[in-house]
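One structure is given here, and the rest of the page talks about it.
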Amino acid sequence: MARIIERKPIPKGDAQFEANRKQIVQGVLDKIPKELVLPDSIIENPPLDVTRIPRECGLLTDEELDITENYDLVALSEAIASRKLTSVQVTSAFCKRAAIAHQLTFCLTEFYMQEALEQAKQLDEHMERTGKVVGPLHGVPISIKEMVPVKGQLLSLGLIVSRTVSDKDCYLVEIFRKMGAVFYVKTHQPTAVFSMESMSFLGRTLNPHNIGLAPGGSSGGEAALLAMKGSVFGIGTDIGGSVRLPASFCGTYGLKGSSGFWPVEGLLSSAFPAGVSVDGIIGPLGRTLRDIDYICRLVRGTKPWLKDPEALPIPYTGLQETGLEKSSLKVGFLEHYSLVHPQPPVKQAMDWVHSQLKAGGFKISPFQFHEPGKAHKIYGSLVCPDGWATVRGGMQAGNEPQNPVLDALVADMIAQDDRAADSQVESSLVVVENKFVRDQYRSAVLTDWIAQGDPDVIITPMSPATAHDTANLKNTASATHFYNLVDYPAIVVPTPIKVQPREKEDSREYYDSESWIDADQETKQLWKDFDYQGAPVCVQIVAKRHMENELIAAVGLMQEALQLP
């Protein structure tokens, strides 16, 4: 019988709740074929880094290893279209690897292997019958975050009372289905889909590079599955960093566009309080830059604005953007936000990026983010307009135990709103006033950006993965939520830097630096208390609002210098 590595216990509920939880978790494990069950020796005594286990465990064939490790999305699409590979071969390989990945990291909430293989079989039959592919994603399995509606599959907002089966696809999934994509898993997300970790009432997702660390949140299951190569491409959501933080923690690409870049039609079936003032975004996680560009080209090429009134009619050019050239590209370099000092490997990664770009002949200038402390305060005032009452009510209705990670994050967010009101009428006025403050701040950020030489993009630090039960937006050098606040597109890209064993790391300068705020001192203590060995270190690249074309094009120009896949 399949089991899961449990690195650290999660909060427990009463006997009835625990019985329900166990039944749900076991239901997924029971779908894993016996021939893919890992031995107890691995589950009970796992290495810190579990990324090599799928290759070394002997449960996958050489062909399955080749399919899951040596192809990106574009290459798989081409291999299936040219009949080098069949849809069934590809789907089977990724289903098997996902099953192994789940036992090691708890990255899935549902597993649809049989359904996916049947879908792949039908696609192969279509190819055999017509000699043509259904569309550009013919036979390619795509992993989907649990909260994104896929017809006939699990749907929830991270609460046990919200679990249901979707009766239709959201518009983005509808697009992918028409293009021939195969849907084989739903991936884990945290309680209420709002956390830098991915711990829910079901369990805790582990970071494949170091299982003592979190994979990020809220799209942590997606990022963990990608890092395990149990997916070639995945879909997450982002309202404060929920695509970019997991991508950074797990060493993959992750893109958050501005509002209106990707369609969100059908994503939510009910009101979402945080979305009143901060747009929730659907975004991709992938292995290569060309995959991110390819999927954006496909989605935008369907003219989503003809069905989703929130989608903007801006043609996509991406890597084919002709308005930018290396000789004229202006890159702003943001070393830190003067809130939390970047940890030593983050500084190392930023220094490496700077030296690579300088050696490559790029124009780089220092950049400072406009009043970062104010940004954190405004964001906090916007994302909890109901004082988190909706989520608390849902947790109580499901008799869920308290989630201390979520509680700490929400407490910090609510504390940022000096004018939080008690009555419904007053709180509505406060929401309006807070949105006005947001818009004024957005104007100030743009003015300041232009005043600093109007860089085409800026490069910002991303913190490495956090230890379990310690993640909080106030304790990170990443500040991903700032770009949700101003609605700027941002992409996380990998670097060659990883956190070294403690004995090889010189942290004296970091610890001796004067702390800017209390959270800075707390973060230094966290860095001292836990082992972050093996954690990938990424950076974030940001452009002005609705300038996704310029963002992707700029990353393309820097790709060789930054050794990006």
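Every residue gets a Cβ built from N, Cα and C, even glycine.
TrEMBL: automatically predicted annotations, no manual curation.
As recorded in TrEMBL, the features of this protein are as follows:
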DOMAIN    90-551  domain 'Amidase'
ACT_SITE  K145  active site, charge relay system
ACT_SITE  S218  active site, charge relay system
ACT_SITE  S242  active site, acyl-ester intermediate
Between S218 (active site, charge relay system) and the residue listed as 'active site, acyl-ester intermediate': CA-CA distance (Å): 5
Spatial separation of K145 (active site, charge relay system) from S218 (active site, charge relay system) - C-alpha basis, Å: 9
Three-state secondary structure, S218 (active site, charge relay system) (per DSSP): coil
Protein Cβ atoms within 10 Å of S218 (active site, charge relay system), excluding its own: 32
Average pLDDT across the domain 'Amidase' (90-551), rounded to a whole number: 94
